[in-house]
Amino acid sequence: MPPKADKTKEKPTSTKVKTSKSIAAPHPPPNWPPISPIQPTADLSFHTLLQDQILTIPNLWTATLCKTYVSFLSTLPLTMTPGKPKRGDAVRVNDRFQVDDPSFAEKLWSDTAIGELVVAPVVNGLELNQQQRRDLWGGEILGLNSNIRVYRYSKGQFFDQHYDDSNSVNFLESSTGSVVPAKTTWTLLLYLSSPATGCQGGETVFYPEAASKREAPPSPVVVELSVGTLLLHRHGKDCLLHQGREVTEGEKWVIRTDLCAKR
Ligand SMILES: O=C(O)CCC(=O)C(=O)O
Ligand SMILES: [Fe+2]
């Protein structure tokens with residue numbers, strides 16, 4: 001069975017006081033550039049790549065904003081992949097920066113179209129009712145995981161086949177300041193690079209399973225990199241096997257977080 005994504009680094013983040021052991025990375029939150037300029041929400045929508053499993057929001061971030069972020073992220077102390085993965089962990093060969101930053105997670109949710117589109121999802125032209133929303137997102141969505149990860153893949157780097165785990169987290173509600181028990185349900189990957197920025201390869205590829213043992217598995221779903229596109233995919237027990245293909249030219253930059261649902 002293919003491994004889980006880097007389990008050791010995907011520990012639940014907590015908004016409570018933590019022991020040094022539970023801190024995934026000891027970074028103070030960086031001084032992120034403002035999330036501007038962005039596309040108006042009215043111009044954006046979900047695109048379905050695989051029903052109930054893989055969605056995108058093309059052009060969530062403008063090319064200008066992605067460029068500003070890549071320049072900024074290049075100044076952060078990214079760390080190289082730890083040597084040999086532990087037994088059961090996926091092979092991830094890239095450079096990463098990880099920080100627990102509820103304030104940035106809240107900005108990504110509210111200052112971009114993510115929050116509005118997730119709360120009132122129109123999928124394939126149909127607005128979902130409350131039950132359909134819960135089924136799609138895996139519960140009542142609170143916002144985004146404060147565990148923010150930045151990946152830089154240089155030429156020759158990749159993220160081998162794996163499944164993403166659902167994690168238990170404590171979600172800090174910005175409006176009330178209260179902490180709500182939550183779990184992550186979908187992975188969000190924001191692409192800041194593409195062939196337009198000189199990056200070749202690096203596609204995220206999903207391997208849907210065959211409906212039965214007698215049937216051949218469907219073709220893999222290849223998500224091409226596109227600057228400013230947000231990719232969302234279901235994770236946890238219904239996660240599809242997936243990988244980040246090798247980058248063959250240039251650099252691939254990605255910001256990763258997750259949807260959090262009430263536990
Ligand atoms: O970089 C990618 O395309 C995939 C990343 C991924 O699978 C992950 O963060 O779990
Ligand atoms: Fe993954």
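Start at 1 and count along the chain as shown; that gives each residue its number.
For all residues, glycine too, the Cβ spot is worked out from N, Cα and C.
Where the annotation comes from TrEMBL, it is an automatic prediction and has not been curated.
According to TrEMBL, the protein carries these features:
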- 1-38: region 'Disordered' (REGION)
- 1-13: compositional bias 'Basic and acidic residues' (COMPBIAS)
- 26-37: compositional bias 'Pro residues' (COMPBIAS)
- 143-263: domain 'Fe2OG dioxygenase' (DOMAIN)
Taking DSSP states H, G and I as helix and E and B as strand, how many residues of the domain 'Fe2OG dioxygenase' (143-263) are helix, strand and coil?
6 helix, 65 strand, 50 coil
DSSP-derived helix, strand and coil totals, residue by residue, for the compositional bias 'Pro residues' (26-37):
0 helix, 0 strand, 12 coil
Overall pLDDT of the domain 'Fe2OG dioxygenase' (143-263), taken as the mean:
97
